[in-house]
Amino acid sequence: MTGDHIKVIYFNGRGRAESIRMTLVAAGVNYEDERISFQDWPKIKPTIPGGRLPAVKITDNHGHVKWMVESLAIARYMAKKHHMMGGTEEEYYNVEKLIGQAEDLEHEYYKTLMKPEEEKQKIIKEILNGKVPVLLDIICESLKASTGKLAVGDKVTLADLVLIAVIDHVTDLDKEFLTGKYPEIHKHRENLLASSPRLAKYLSDRAATPF
């Protein structure tokens, strides 16, 4: 992919594109971050394969274009290309396991989107008192089982990036929800940022968005 121009296309938010962005950042890969307004989306939609975002457009040195769609498929592709899916079959399994656990948590978050405010607050209360703590406990057990300081060993993997993206969404629902609880999750983030100065800078510089 050396010399290719990579464009990540999504709305002005973290959402389903953030794991892709963070994978490229952690790998030290330059990319163009194109953010589309909801107002402009109807006219841009026909130009995107499948008419869904996020999408990645890769243009090689000869001008040949390759499109990639489906957020986790893209993130996995980029992570594998840059050796961020574990170094052994056992590590690969643990990476995928944690991605699955994080996605279970993400599904709870997505229940709150595009809802009227009163209904949204009701759903937030239900999930924060229901499945979210259970899923966070499961994730903490996986982090405890790691053989290193990060999600799977001591090298940054896609599991680390998917996890912190989802944890940020939990914090979006209630900024105090994680305070004083789930020490493994707090320690994981601390270790991850210490392990990847590029990622730490990206997160420090990242503008606040509603999703």
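Using N, Cα and C of the backbone, Cβ positions are placed for all residues, glycine too.
Keep in mind the model is a prediction, meaning the values are calculated, not measured.
Taken from Swiss-Prot, the feature domain 'GST N-terminal' covers 4-86. According to Swiss-Prot, the glutathione binding site annotation covers TYR10, ARG16, TRP41, LYS45, LEU53, GLU70, SER71, ASP104, on the basis of experimental evidence. Taken from Swiss-Prot, the feature domain 'GST C-terminal' applies to 88-211.
Taking the features listed in Swiss-Prot, we show where each one sits on the structure.
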{"residue": "TYR10", "record": "glutathione binding site", "DSSP class": "strand"}
{"residue": "ARG16", "record": "glutathione binding site", "DSSP class": "helix"}
{"residue": "TRP41", "record": "glutathione binding site", "DSSP class": "helix"}
{"residue": "LEU53", "record": "glutathione binding site", "DSSP class": "coil"}
{"residue": "GLU70", "record": "glutathione binding site", "DSSP class": "coil"}
{"residue": "ASP104", "record": "glutathione binding site", "DSSP class": "helix"}
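Long-range Cβ neighbours of TRP41 (glutathione binding site) (same chain, at least 6 residues apart, Cβ-Cβ under 8 Å): PHE11. Across the residues the record lists as binding glutathione (TYR10, ARG16, TRP41, LYS45, LEU53, GLU70, SER71, ASP104), the two Cα atoms farthest apart are 28 Å from each other.
The average pLDDT computed for the domain 'GST N-terminal' (4-86) is 98. Listed in sequence order, the residues of the same chain lying 6 or more apart from LYS45 (glutathione binding site) and placing their CB within less than 8 Å of its CB are GLY51. Secondary structure of the domain 'GST C-terminal' (88-211) per DSSP, as helix, strand and coil residue counts: 86 helix, 0 strand, 38 coil. Sequence-distant neighbours of ARG16 (glutathione binding site) (same chain, 6+ apart, CB under 8 A from its CB) are TYR10, LEU53, PRO54, SER71.
Around SER71 (glutathione binding site), a 10 Å sphere centred on its CB holds 21 further CB atoms from the protein chains shown. Sequence-distant neighbours of ASP104 (glutathione binding site): residues of the same chain at least 6 apart with a C-beta under 8 Å from its C-beta are LEU135, ILE138.
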